[in-house]
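Asks: Pasting the feature list from TrEMBL:
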type     : residues : note
TRANSMEM : 9-26     : transmembrane segment
TRANSMEM : 32-50    : transmembrane segment
TRANSMEM : 62-84    : transmembrane segment
TRANSMEM : 155-178  : transmembrane segment
TRANSMEM : 208-237  : transmembrane segment
TRANSMEM : 243-267  : transmembrane segment
TRANSMEM : 279-297  : transmembrane segment
TRANSMEM : 317-339  : transmembrane segment
Amino acid sequence: MTDKNYKTLINFLIVGAILLFVYYFTVRLISLFLPFIVGYVIAIIIEPFIKLMNKYVPLPRAISSFISVIAFFAVVGTLGHFIIRKLLNELKILANNIPEYRVGMTTALENLGYRLDNILGNVEGSTRSLIVDNWDQIGESLTSLLTPGVTGGSINFVSSVPGFLFFLVITLIATYFISKDRYKIRTFIIKQLPKKWKDKFNLIRKELLGAFWGYVKAQLTLMVIIGVVCTIGLLILRHPYALLIGLAITVLDALPIFGSGTVLIPWALFEAFSGNLQYALWLGIIYGVSVLIRQFLEPKLIGDNIGINPLATLIAIYVGLKVFGVMGIIIGPLILIFIKTMQEVDVLPKWRE
């Protein structure tokens, strides 16, 4: 083995060891340091605002950080209050209308059963009885499961409020101190490193943060665009739970395994079988638009933000899912970003072009 190959092998082993350390130790310790991690992320988000404010109104770092932190939490709190209030209102309407929806669902399933009898040539009413009877059993089972779950969930929610408030206060304070002493903290960390590592550390930090935030920015942008499109589409259809369903689709769209089709496709099929063809067509159009948006924007957003081929990202997501489970959907692309960063700073050899 030549010295060059030996050095490459050692570099790959070091990177592998670092990744194992990150997975088995850092990930498990995240819950212990979560307020400070969240505070660090918020400090990065508000940094451009601090710089912009100091450009026009020169203030001490402590004051500009304090104003920025308070403004950030005020804006997020106001938006959160509006969204939660809207969601609770929609959930209240949904809960009040459940009996009506159950009757409507039974009627729709009866019609579906009769249609299937005609298509399959069965004795009239046989498929209908099978579907409706099973639906009644499912409804009773869900009621028996959800009732204690809702009660227990309410108790758990109330009991978790003090812990959440404590977490929120610690996060707010941590955000302020991290933002105020941002450069002091970075200087302190760099001083603890061996001299020969300092330049590499700065390069790795810059490349890794840039690639990571680029990936997050790309995914968040896609989520928001698709969520807004779906919500607007449902508002046009005058659906009473447009925001609730839009938020659900936004979250599901972030998960490659699920996507917006998890909600819209079964819903459209159900409406079609129920005879609401126009409504089903509109749901299909909303889904088609969301798919087209993702297909057109995803390669460009990911390519522009982190410079990684979308196919490589898809492979990383799939392999991550198989190796790490559901968390692999996030861990896989992060590992790919880490490897790319190591190549950019010449710790690992670059791919041949």
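Cβ atoms are placed via backbone N, Cα and C, with glycine included.
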Asks: With Cβ distances under 8 Å as the criterion, find the stretch in 32-50, 62-84, 243-267, 279-297 that has the most pairs with the transmembrane segment (317-339).
Replies: 243-267
Asks: Please tell me whether the transmembrane segment (208-237) and the transmembrane segment (62-84) touch - that is, whether there are at least 3 C-beta pairs under 8 Å between them, with each pair 6 or more apart in sequence.
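Replies: These two stretches do not touch.
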